[in-house]
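Asker: Provided herewith is a single structure, encoded as structure tokens, for subsequent inquiry.
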Amino acid sequence: MSYGGFAQDSGSTRVVRHHQSHRKTNTIRSVLDRVGPVNSDDSVSPLLPGSFIHRNLPLRSILRSELMPKDHRSSSKLNSTLRTCEPELKQRLPVINLQKKVCRYWLSGNCVRGDKCHYLHSLFSGKGLSILVQLKGHQKAVRGIAFPSGSEKLYTCSKDGLIRSWDCHTGQCADANNLGCEIGSLISAGPWVFVGMLNAIKAFNIDTNAEYCLTGPVGLVYAITVERDVLFTGAQDGTIYAWKFNPESNSFQGPALLKGHEGAVVSLVVGANRLYSGSMDHNIKVWDVDTLQCIQTLNGHSAVVMSLLFWDQHLFSCSLDNTVKVWAASEDCNVEVIYTHNEEDGVLALCGALDAEAKPVLLCSCNDNSIHLYELPSFSERGRIYATQEIRSIHIGSGGLLFTGDEAGLVTVWKWVSEPGSQAS
Ligand SMILES: [Zn+2]
């Protein structure tokens, strides 16, 4: 690996191109192996493998084993256990000094105090994360980051209308494709890269170079997710547009319309055969993935629901109302809040990751230009990532990689590292 690159050291998930037929299954398999058991609901289609495999980590088992006896799984029990255990769990964890603020002069490139400065001259405080490389090129806010399994390239998109691909070995921008309009979102699923644009979705197949333009959405497409062979996209007009991929005709059929929100749909996630949509109308709707019917509306947030994460049977939502909420299905199958975490600022984006010791970490990007890292299930803060502007894109890749993209257009590649002397307990 050359300097500045961010390809992982191991070749296990980087199989050379001419073994293409084996490559995809191998890489998907290795990702599955790494994150442990996945629900049968999350079975991987050979056509559009779920891109949110990393969002189905075994949190429930962690919550269960840490907090409660096996026979007491009801959400009300979990709720009370989360609340009562929290102070105790916090005491058990090492205390990290997070009072230190990052130096704004250093951030803008010039702090005359140098080593004597009282403020932090680093983009991270805490433990277990280091910067590999920063990718500079986008002139406006980063709106999506994707690192397709088996790909040698990282894809990023920006409000400036450009999709950039970055060479994993050199860290250099390999290609820049100007779509000529605002971009709202980008994800990858198997060999597909989907880009949410104004009134359309672009679909690229990175193996075959096939390219489709799916029209129908009204306004900017803010959110995209894939479940099996169905593509769900959330648009500015409050509608979710769904396409089904037909392998025989090699085409996307649809869209079917999922209506109900009264504001733009800005976040989508799939888990346990349900689609969850977060909206500017402050609500989250729960949809049956098979029937495409809305089965529940979750009230609880008092501002825009910016980001959703599904982590082993738990739904995490964050909002500009300064909260992160954890939801779970009760015994009568209704989804309800089991825990609310408060921040001092609006919460823009969520991501779940496992650190170098395979401990679950929740990343909450706040509009104070930082990402707060919490150990789960205690919600004890264990670190903070700083930026010059808000970070709205967070994505995890294989090999312990983490990618962040900020409103200034900067993409940063991080890697989870074992701290000297730390032990996996
Ligand atoms: Zn300073």
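For all residues, glycine too, the Cβ spot is worked out from N, Cα and C.
Sharing the features that TrEMBL gives for it:
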type	residues	note
COMPBIAS	15-25	compositional bias 'Basic residues'
DOMAIN	97-124	domain 'C3H1-type'
REGION	1-25	region 'Disordered'
REPEAT	135-176	repeat 'WD'
REPEAT	258-297	repeat 'WD'
REPEAT	298-327	repeat 'WD'
ZN_FING	97-124	zinc finger
Asker: Other than its close neighbours in sequence, what residues sit by the repeat 'WD' (298-327), given a CB gap under 8 Å and a spacing of at least six beyond its ends?
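Answerer: Contacts of the repeat 'WD' (298-327) (Cβ under 8 Å, skipping residues fewer than 6 from its ends): 52, 55-61, 63, 82, 263, 266-272, 276-280, 282-286, 335-352, 360, 362, 364, 367.
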Asker: Work out, from DSSP, the number of helix, strand and coil residues along the domain 'C3H1-type' (97-124).
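Answerer: Helix, strand, coil within the domain 'C3H1-type' (97-124): 7 helix, 3 strand, 18 coil.
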Asker: Average pLDDT across the repeat 'WD' (298-327)?
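Answerer: Result for the repeat 'WD' (298-327): average pLDDT 96.
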